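Chemist: Quick one: the structure is below, questions incoming.
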């Protein structure tokens, strides 16, 4: 099969010779990155939808509706507290022992925690122990997930041909889209098949328990996945520079040499500027994701009184459109550059936020259906007009999915090979904690006070402006030599 790697010239004009990988290896890496990210975002969306549709009643249902929603959003945010810790620990480990070994560990931790949520008792069964166990499992999920998307991003960036890094790395973003789609589709099917009462009583467990299947497939693929050619080449070149050659027939000598090489590579200085720009660049995607994919679903059902099935369906429809949006934006980044595409997407995002909200709130239709809430049976809008769906789909695809398509490869190219995994993971998860973790909680508090969608629009505009500022400051990194140890700025 054809070699799947591509190299970029070094500063001195020399071509780094990368470890050989076949097209089959590239496909396996792409599927691995896609599945792992799909599992993480399936968990993300499963909990987001469950918090809006079910958990606020079965884990936090003994109080006012506003307090129940804020409690569910707070537990959602707890998972983000553990993510930077997981990002630091597993990212650092991935820069020292290899990308694929760490990705095997993270998928196992994350998958087990997600599955166990489906076995939790409810508040009515065990009282306060129920939300306490939910918090514990959210912490475990966060610890494993802290380095999952970053690892997938590094994996695909270091596997992909130079001229096609954007579209290959889009598989990581497609994983987020797939996970969102799977979760939304599962909830839509459950609500349509079992009905609201059965889902609240026991049906909500099915998607969490079923996630073990995705985890099993991802683990199987990662067991057989070769290390990235960039990482392997970096270690090999360091070993080759030693005065005393190693005994190639000695496994012990080989491992000692690799350990020594990793320690030497780790001495490469980091760039604070690159890290800060990457963090600010991240604000738009993770902040808007927390708004659009998490709190907005709650806002639709609790404040606008949209039926739960409609809230699930709109996520499914938008995710389907995302299968076109994500690779297209990645392809555009390969053609005209990441920096330019970031500027285009952020400006368009700022323009469409308010119109999209107006499309949703003004096109709820007139048909209603009674749905059970903590305050009894209440009529919910069951048949919004097409404009309602267009508003959500456009907002989701521009302000969330487009950013994510660009983000993974851009941040991978910002950092050098010496600390790429750790720096990328931390640059993803620190802003994620601030905006994605507690943004929905802040949004819930603001909506409780003002009872208006305007607070959500202002938050989204702020996050998007942060990304625009970072895009203006950053240099163009498209096609950068990923074997270079130093950061790009």
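Even glycines carry a Cβ here, placed using N, Cα and C.
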Chemist: Which range, 3-24, 25-46, 135-156, does TrEMBL list as transmembrane segment?
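Modeler: Per TrEMBL, the stretch marked transmembrane segment is 135-156.
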Chemist: Rank 102-123, 202-221, 344-365, 385-409, 430-447 by Cβ pairs under 8 Å to the transmembrane segment (275-302) and hand me the top one.
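Modeler: When the Cβ pairs under 8 Å are tallied, 430-447 comes out ahead.
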Chemist: Who are the long-range neighbours of the transmembrane segment (385-409) in its own chain, taking Cβ under 8 Å and residues 6 or more past its ends?
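Modeler: Long-range Cβ neighbours of the transmembrane segment (385-409): 149, 152-153, 156-157, 165-166, 169-170, 172-173, 176-177, 281-282, 284-285, 288-289, 292-293, 296, 314, 317-318, 321-322, 325-327, 329-330, 333, 338, 341-342, 345-346, 348-349, 352-353, 355-360, 362-365, 460, 464, 467.
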Chemist: By Cβ distance under 8 Å, which residues at least 6 away from the ends of the transmembrane segment (102-123) in the same chain are close to it?
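Modeler: Hits for the transmembrane segment (102-123): 32, 36, 39-40, 42-43, 46-47, 58-62, 86, 90, 93-94, 129-131, 133-134, 137-138, 140-141, 143-148, 151-152, 155, 205-212, 214-216, 218-219, 222-223, 225, 421.
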Chemist: Is the transmembrane segment (453-473) close to the transmembrane segment (344-365), in the sense of at least 3 CB pairs under 8 angstroms with a sequence gap of 6 or more?
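Modeler: Yes, these stretches are in contact.
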Chemist: Grab the pLDDT values for the domain 'Major facilitator superfamily (MFS) profile' (29-478) and give me their mean, rounded.
Modeler: 87
